[in-house]
Structure formats: structure tokens, C-alpha cells
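**Q** Take a look at what TrEMBL says about it:
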DOMAIN    16-264  domain 'SMP-30/Gluconolactonase/LRE-like region'
BINDING   18, 154, 204  divalent metal cation binding site
BINDING   101, 103, 121  substrate binding site
ACT_SITE  204  active site, proton donor/acceptor
């Protein structure tokens, strides 16, 4: 193994940093601060962070084929024009649940935007249960609901052969797999491929590498873990200097760098003084594997 190096590239103190996505066109890392209500972009060239404030909790961001971005904002799918700082609503979900918001989202290999909802938290990971659903926004801007009864809709990604969809409902402490139809975006045959151990805590955001292995950020576990979805075994653990690791993605010139977001919500002064980088964004190099570039939304 090459030597793993971890550095904090943006010590922004995000309340809930989430949804890291590499934007190749800009040589930049996108992410959101959910409760801080902003979409952020860190330039690997200038090392500066730009942020756009929005009017509701913003939980995921994705590239758009036509340029700019799509986001999940409150219970809306929305379009974001970066230069103009302009947000326009595409469509609403969960209209009957005013206490809900979107959480994690990601675009599938066919350009559809998958994203799930949850109830607003009373405290981190404390909320009314089974209020969420998983949705897909299609390129024609129609929406399909896959299932409901979700606690905290979280990490998602697809296998390299595009036949399996991986998904996390955080409070199940499980990484699940579904059969996946690339043509239609349909999913079925749900099964658990990995149950988290006590010290790994709560599974959050997730990404896949070019060897088909999954990387899962462990909220309150202060780590990302590498899993083999075929055998259900943990292959590697990378510990970070903060407890509330929220999500991960690959990026950089050749997608050999991993970027990890984190949160500071729910931490008292004492805890924050021990972890001054809480809410920061971290870059991990030397993992010896590369990631898959993100798919842009086709609509």
C-alpha cells in the first residue's frame, strides 16, 4: 500500500457538509452545507471556496449536461446557474409532508437524478422515522417514487456494469443492493450486503472505485471504509481527524484523490475544541485506487 495522506483543504466549519462532486470542467470540488443553506465550490487551482446562499436546506448537488448544476433544495429538485447565482424550481415532492426535506442524491449512468427524503432532524440522527421516500428525476423532468418508509435516505451509487444500485438508509446500519435496469431506471430485489459494526457507527454518503469496491463515510465513526459488495467484507478503514464524516467522492486530474465532507452540527464547545477541523473538507491521497467520474443529469 502506498502511504495514505489526509489534509484539510477547506476549513469552512460547515454545519452539515455533504454531497462532494468533482467538476472536471472547473477543476473544482462541489459540495453543500445542508443546514448552512449554501452550495460551495472549492477550486483546486486557486484553493479558494466560493459559496451561493439558497433559501432552504440544500442536500445534494449534481452536474448538468447542458452546463451548470442541479440541486435538491428543501423538497424540490431545482436548477442552479452558478454565475447568475440563480435557482429555479424544477418540481416538488412530498407535498403532504411539510416537515420533510431531501437528503443525499446522485445521478445514475443514464443521466437520471436519484434522491431521497427524510423528516427534519430534531438533533443529529434524531427524527420522526419512516417519513422519507426515494425518488428519481428523469431527463424529461418527470418524477418517479420508488418506495417510502425511509428513515434517512443516504448514500447511493451504481456498480461498474450498471446492473446493481447501492443504497443506504442510515438508521438501518446497512448498505443495501438492488437489481437495476439501466434502460428504465427501475430497481428491485433489495438485499443487505454489509451491516455496520458498532465503532463504524452510522453509514452516510458513498462512492464506488474503478475496482468496483464501495467507499462509505461513517457519520460519528470518523472514518471511511472500503467494502467488497460481492463478499460483504470490509477491506480497508481510513480514519479522519473529525468524528462526523458525511460523504466521499473521487476527484482530481485522474480521479485518484478522495474528497471527504464533514459536519459540526450537534457538537458542543468542548468537542469542537478537540476537533477544530469539524465541518471541514478533506483530501485523501495515496489510496492506490481511482474513482469513477460523476454522471451529469441529462435533463
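Keep in mind that glycine also has a Cβ here, set from the backbone N, Cα and C atoms.
Note: TrEMBL annotation is automatic and uncurated.
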**Q** Within a 10 Å radius around the Cβ, which one of these binding-site residues has the most neighbouring Cβ atoms: 18, 121, 204?
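**A** Max Cβ neighbours within 10 Å, all protein chains included: 204.
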**Q** Specify the nearest of the binding-site residues 101, 103, 121 to residue 154 (divalent metal cation binding site), where nearness means the distance between Cα atoms.
**A** 103
**Q** Suppose the divalent metal cation site is 18, 154, 204. Which further residues of the same chain have a Cβ inside 8 angstroms of that site's Cβ centroid?
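**A** My list of surrounding residues reads 19, 103, 104, 152, 155, 168, 170, 205, 217, 219, 246, 247.
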**Q** What number of additional C-beta atoms lies within 10 angstroms of the C-beta atom of residue 101 (substrate binding site)?
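**A** Excluding its own Cβ, residue 101 (substrate binding site) sees 23 Cβ atoms within 10 Å.
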**Q** What same-chain residues, at least 6 away in sequence, bring their CB to under 8 Å of the CB of residue 103 (substrate binding site)?
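**A** Counting only residues 6 or more apart in sequence, the Cβ neighbours of residue 103 (substrate binding site) under 8 Å are 34, 59, 60, 72, 115, 116, 117, 118, 132, 152, 153, 154.
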**Q** Rounded to a whole angstrom, what is the C-alpha distance between residue 121 (substrate binding site) and residue 18 (divalent metal cation binding site)?
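**A** Residue 121 (substrate binding site) and residue 18 (divalent metal cation binding site) have their Cα atoms 15 Å apart.
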**Q** Apart from 101, 103, 121, which residues in this chain have a Cβ no more than 8 Å from the mean position of the Cβ atoms of those residues at the substrate site?
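**A** Surrounding the site, in chain order, are 34, 57, 59, 100, 102, 117, 118, 119, 120, 127, 152.
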**Q** For the substrate site as recorded (101, 103, 121), determine the largest distance between any two Cα atoms, in Å, rounded to the nearest integer.
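**A** Output for substrate binders 101, 103, 121: max Cα distance 11 Å.
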**Q** Do you know offhand how many angstrom separate residue 101 (substrate binding site) and residue 18 (divalent metal cation binding site) by C-alpha?
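**A** Rounded to a whole number, the Cα-Cα distance is 14 Å.
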